[in-house]
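According to Swiss-Prot, the features are:
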- Gly17, Ala18, Gly19, Ala20, Ala21, Gly22: FAD binding site (BINDING)
- Gly214, Tyr215, Gln216, Ser217, Ser218, Gly219: NADP(+) binding site (BINDING)
Amino acid sequence: MTPPPNSISSRNVAVIGAGAAGLVAARELRREGHTVTIFERQKQVGGLWVCTPNVEPDLLSIDPDRTVVHSSVYQSLRTNLPRECMGYSDFPFVTRPDDESRDPRRYPDHREVMRYLQDFAKEFKIEEMIRFETEVFRVEPTAENSCKWRVQFRSSSGVSGEDIFDAVVICNGHFTEPRLAHIPGIESWPGKQIHSHNYRVSDPFKGQVVIVIGYQSSGSDISRDIAILAKEVHIAAKSDAYAKESSIYSNLHFHPTIDRVYEDGSVVFQDGKLIFADAIVHCTGYKYCFPFLETKGYVNVEDNRVGPLYKHVFPPALAPGLSFIGLPSMALQFFMFEIQSRWVASVLSGRVKLPSEEQMMEDVIAFYAKLKSLGIPKRFTHFLTDPQWTPMFEKLKPHEAVLISQSEYFNWIAEQCGCSSIERWREEQYNIAIKKDDDNFRDEWDDDDQIIQEAYRDFAKFKPSKVWST
């Protein structure tokens with residue numbers, strides 16, 4: 001697994017994106033001895049955590065020629081996980097008592113996460129690797145069977161250029177291109193429609209009857225945010241489990257999915273109940289989108305499956321020169337970015353070996369076949385979770401838990417790299433948090449104090465960051 005020291009090599013690597021994935025990818029690559037260039041279209045680090053009041057002119061984000069806004073952060077957004085388990089392994093996301101402008105809450109708002117990422121970039125001198133306000137519009141192999149990659153880019157001033165790299169790591173996120181559910185009659189429904197990507201504040205829905213489609217993180221948050229000002233909020237969700245939800249909001253109602261909508265403004269649910277509504281908010285998730293990537297068919301996106309990819313990271317035919325960080329959802333994102341990046345960096349240096357292309361493809365094909373045999377749609381390929389905690393997989397039997405848990409996934413990567421995997425306390429905090437009551441869980445929690453103390457004992461191993469005293 002580990003080659004002799006003289007076979008370790010340094011690569012010239014491009015990282016696409018300076019969000020939470022791109023920042024830690026750059027750090028891990030440089031730690032492994034690689035030369036790194038990060039391309040970031042915005043003026044600052046942070047990726048999806050960069051909050052802007054701007055929304056797209058097409059509130060459903062259907063128009064392919066629209067001006068794209070690359071943030072989906074709404075004003076009231078707070079983390080849905082406690083800060084201790086959110087951070088990178090060796091850069092604790094703890095409170096900042098030395099700075100009164102910081103959010104000290106255990107479930108802080110989006111601004112605090114943004115400040116944490118800025119602190120991380122400063123501590124590890126990552127900004128010196130970034131080309132800000134530079135959009136990548138083409139990534140492709142330089143030639144057939146080539147081990148080099150051409151990256152073409154354009155600055156905000158309109159100046160274009162290209163560079164050649166040994167490898168490209170894709171960290172562009174997947175919260176920009178919305179998915180929409182198919183609803184019969186929606187084209188002629190007269191009310192206002194908006195995707196959560198373009199939701200910022202609840203004011204436009206004051207006094208209205210609002211339908212919220214979807215009840216994952218954004219649907220849960222946004223429905224409650226709107227309920228403060230709206231006349232009624234009706235949530236349409238796929239799982240029967242949501243029908244059992246209770247809420248402190250008397251105007252918040254749960255329904256099964258929508259059967260059809262009509263020109264008179266009515267919305268009919270699968271159980272036959274009819275509501276006349278003023279607006280529909282689509283909290284229906286996002287599509288994986290890589291408009292800049294040209295691989296001559298080696299990597300495709302089909303029904304939100306990016307593939308073929310070995311362990312959600314490497315396309316067998318193009319490995320290790322092309323890799324993806326952060327595709328799996330329903331997992332501890334920052335920790336996952338970090339351990340995936342460590343694996344990629346180690347493979348690129350030659351310190352860790354991948355299986356052959358044929359062996360990787362066999363693994364991918366077997367995984368896809370298992371998903372198909374269980375009737376799991378392609379769009380759930382990158383769900384990294386225990387099915388018993390995910391209502392959409394509630395009909396699966398325990399032995400059918402083909403979607404491996406995040407701890408199994410992290411442990412497997414850690415074994416490849418010879419590094420530490422997820423800490424016990426971090427996993428337990430995550431498991432507790434995802435089962436919390438939606439109304440109050442951010443301000444009322446019953447975590448075992450020993451788990452929290454264990455986290456802070458781990459944090460004490462790391463020297464206080466220089467940024468804490470600035």
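Note: Cβ is positioned from N, Cα and C throughout, glycine not excepted.
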Which whole-number value in Å describes the distance between the Cα atoms of Ala20 (FAD binding site) and Ser217 (NADP(+) binding site)?
19
Given a separation of at least six residues and a C-beta threshold under 8 Å, show me what packs close to Ser218 (NADP(+) binding site) in the same chain.
Ser72, Ser196, Tyr199, Cys283
Starting from the Cβ centroid of Gly214, Tyr215, Gln216, Ser217, Ser218, Gly219, the recorded NADP(+) site, name every other residue in that chain with its Cβ within 8 Å, sequence order please.
Ser196, Ser220, Asp221, Ile222, Cys283, Gly285
Long-range same-chain neighbours of Gln216 (NADP(+) binding site), Cβ under 8 Å, sequence gap at least 6?
Cys283, Gly285
Can you grab the distance from Gly17 (FAD binding site) over to Ser217 (NADP(+) binding site)? Cα atoms, rounded to a whole Å.
24
What are the other residues, in sequence order, whose C-beta lies within 8 angstroms of the center of the C-beta atoms of Gly17, Ala18, Gly19, Ala20, Ala21, Gly22 at the FAD site?
Val15, Leu23, Val24, Ala25, Glu40, Val45, Gly47, Cys171, Asn172, Gly173, Gly326, Phe337
Length of the line joining the Cα atoms of Gly22 (FAD binding site) and Ser217 (NADP(+) binding site), in Å:
23
Pairwise CA distance, Gly214 (NADP(+) binding site) versus Ala18 (FAD binding site), rounded so that it is a whole Å:
29
